[in-house]
Structure formats: structure tokens, C-alpha cells
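Student: The structure under discussion is supplied below as C-alpha cells; questions concerning it will follow.
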Amino acid sequence: MAELRLPPNSVVKKGREHKEQEEMLKPRKIKIYRYDPDLDKNPTIDSFEIDLSKTGPMILDALIKIKNEIDSTLTFRRSCREGICGSCAMNIDGTNTLACIKPIEDISGDIKIYPLPHMKVVKDLVPDMSHFYAQYESIEPWLKTDSPTPSNSERLQSIKDREKLDGLYECILCACCSTSCPSYWWNGDKYLGPAILLQAYRWIADSRDDNTGERLEALEDPFKLYRCHTIMNCTKTCPKGLNPAKAIGKIKSLIAERHGL
């Protein structure tokens, strides 16, 4: 269960203000959460005013500009810049999304950027994903089969069976959905959350997997699965347009069928 008493250093204070010295054609203020555990200080919100006429169109472009030209200590994850790797997931203007595909022009007023909520912060905009990945490992995300591996071909799958994986395999494990889920906020130590459960259903739905029963038994738990209350935050925030709530519903239906319900 989540700890309800906030530690003293959880209070976010006003930080430094940075402004470009040259005249700006399209000035824009970006407020960024800053936290360094090595400094033993409270988190702060630093303000950066940049010229949008001299940067790219996405939030990640602005962050890179700030890091390269204003404050090299700003810390965040990024890699592909194409919405594929999930590294740059963060909370932007109150919504969990990917910085690399979030247009600056979609946001009115000051831009507010925080790390993904309800995760320990490693530094600045970098969340600790260790627990999330441990939960992913727990569902055994690989084909489990007792049949021998074909000697001269892959494990074949019909087009119809392959289509059952659409809307599942595209998940990039960015954790935007799980960290937008109130049930995961309060029970993240036991509840697997929408991202991991969508991944679990991806293997349950795979016709090449022979361990559907075993997988369903592992998920049939008051906390692992049934903390989902169909709030739908996960589906609303997914940057890939997936529907984790639907996948969770299908898992629940399969378990009910096993019990003749």
C-alpha cells in the first residue's frame, strides 16, 4: 500500500530562472522539475525562457536545447526521437506522454514538465523503472511451449491468429499508462498495472504459446489483476493509441470462463 505521509523533502520549492540574453522572436517559458538526491535538498521548479524560433517543434527539442545551451546538468532520458523506444516518457502539461512526439504548439501558456508520477526519481526527469521492469519479468514475456522447436522453420502462425496481436505488440513499455492509473498509485507494490497486464495478454493471445492456463492462474489474484477498476486513464494517455483496459477486460473474461461463469 502507498505511504500516505509525505517526507519533508517532498515539498517542491521555487528554483532558478534562466533566460536567453539575446532578443527572442518567439519567447516561451518552460518550467521543469529538478531533483538531485545527492544534494539532500528539496525538489525545485526551474524556469527556462527559450526562443522557439531557434528550436525544433517537439518538447524533446526544447529539453535538448536547454541542456546543450543553458544548463548541462538537466537530466532526462531520450533515444529514438520517434516515439518508438519510450525512453522520454514524462508528465507534460499534466499528461503522461512522450516528449519526442509532443508538439510544443499543442500547449498554451507556460509549459510544465515533471517526471512520471508516483515513481521514485533518480534525478530530475528520470524515474526509477526498476520495479516496473521487475513486474514485467514476472509475467514471463516470452513464448512458453512444450512442443519441440521446428528444425527448419519458424513457429508458423496464421494471418488470422497474427491479427489477434494487433494493439498489443506495439506497446513500448514507456509506463505512461501505469503511472496515470490511480489503482497503480496506491497498490503499485502488488497490482501489475495496465502496461504489464497488456503485455501479459499479448502472450495469452499468442497462438504459438501453449501455457495459457498457467499464465491465467498466475494472474488470478486480488491485487495483481483485480485492482483494475476500469478508470480508463491508461487508454486515454497511451501515446501509441493502445487500449490496456480492453486487454485487462479480456483477461478477466478468460478467467471467468475457466470457472464456468
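Sequential numbering from 1, following the chain as shown.
Glycine is treated like the rest: Cβ placed from N, Cα and C.
The structure displayed is predicted, hence computed values, not measured ones.
Pulled the feature table from Swiss-Prot, pasting it below:
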| type | residues | note |
| --- | --- | --- |
| REGION | 1-22 | region 'Disordered' |
| DOMAIN | 28-119 | domain '2Fe-2S ferredoxin-type' |
| BINDING | CYS80, CYS85, CYS100 | [2Fe-2S] cluster binding site |
| DOMAIN | 161-191 | domain '4Fe-4S ferredoxin-type' |
| BINDING | CYS171, CYS174, CYS177, CYS238 | [4Fe-4S] cluster binding site |
| BINDING | CYS181, CYS228, CYS234 | [3Fe-4S] cluster binding site |
| BINDING | TRP186 | ubiquinone binding site |
Student: Let me know the most crowded of the binding-site residues, choosing from CYS85, CYS100, CYS171, CYS228 and counting other Cβ atoms within 10 Å.
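Tutor: Most Cβ neighbours within 10 Å: CYS100.
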Student: Work out, from DSSP, the number of helix, strand and coil residues along the domain '4Fe-4S ferredoxin-type' (161-191).
Tutor: 12 helix, 0 strand, 19 coil
Student: Counting other Cβ atoms within 10 Å, pick out the least crowded of the binding-site residues CYS80, CYS181, CYS238.
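Tutor: Checked CYS80, CYS181, CYS238; of these binding-site residues, fewest Cβ neighbours within 10 Å: CYS80.
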Student: Taking every protein chain in this structure into account, which of the binding-site residues CYS174, CYS177 has the most other Cβ atoms within 10 Å of its Cβ?
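Tutor: Highest number of other Cβ atoms within 10 Å: CYS177.
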Student: Averaged across the domain '2Fe-2S ferredoxin-type' (28-119), what pLDDT does the model get? Just tell me the whole number, please.
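Tutor: The answer is 96, the mean pLDDT of the model over that range.
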Student: So among CYS85, CYS100, CYS174, CYS177, CYS238, all listed as binding-site residues, which is physically nearest to CYS228 ([3Fe-4S] cluster binding site)? Use the C-alpha atoms.
Tutor: CYS177
Student: What's the number of neighbouring CB atoms sitting within 10 A of the CB on TRP186 (ubiquinone binding site)?
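Tutor: Taking every protein chain into account, the count is 15.
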Student: Around the [4Fe-4S] cluster site recorded as CYS171, CYS174, CYS177, CYS238, what other same-chain residues have a C-beta within 8 angstroms of the site's C-beta center?
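Tutor: Everything else in range on the chain: GLY86, ILE172, LEU173, ALA175, CYS176, SER178, PRO194, ALA195, LEU198, CYS234, THR237, PRO239, LYS240, LEU242, PRO244.
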Student: Show which residues of the chain containing CYS234 ([3Fe-4S] cluster binding site), separated from it by at least 6 in sequence, have their CB under 8 Å from its CB.
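Tutor: Long-range Cβ contacts: CYS177, SER178, SER180, CYS181, PRO194, ALA195, PRO244, ALA245.
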Student: Within 8 Å of the Cβ centroid of the [3Fe-4S] cluster site residues CYS181, CYS228, CYS234, which other residues of the same chain have their Cβ?
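Tutor: Near the [3Fe-4S] cluster site, beyond CYS181, CYS228, CYS234, sit CYS177, SER178, SER180, SER183, TYR184, GLY193, PRO194, LEU197, HIS229, ILE231, MET232, ASN233, PRO244, ALA245, ILE248.
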Student: Can you tell me which of the binding-site residues CYS85, CYS100, CYS171, CYS174 is spatially closest to TRP186 (ubiquinone binding site)? Compare CA atoms only.
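Tutor: Closest by Cα: CYS174.
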Student: Around the [2Fe-2S] cluster site (CYS80, CYS85, CYS100), what further same-chain residues have their C-beta within 8 angstroms of the site's C-beta centre?
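Tutor: Those within range, site residues removed, are ARG78, SER79, ARG81, GLU82, GLY83, ILE84, GLY86, SER87, CYS88, LEU98.
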Student: Round to the nearest Å and give the CA-to-CA distance linking CYS100 ([2Fe-2S] cluster binding site) with CYS238 ([4Fe-4S] cluster binding site).
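Tutor: Distance (Cα to Cα, whole Å): 14 Å.
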Student: Work out how many Å separate CYS238 ([4Fe-4S] cluster binding site) and CYS85 ([2Fe-2S] cluster binding site) at their Cα atoms, rounded off.
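Tutor: The Cα atom of CYS238 ([4Fe-4S] cluster binding site) is 14 Å away from the Cα atom of CYS85 ([2Fe-2S] cluster binding site).
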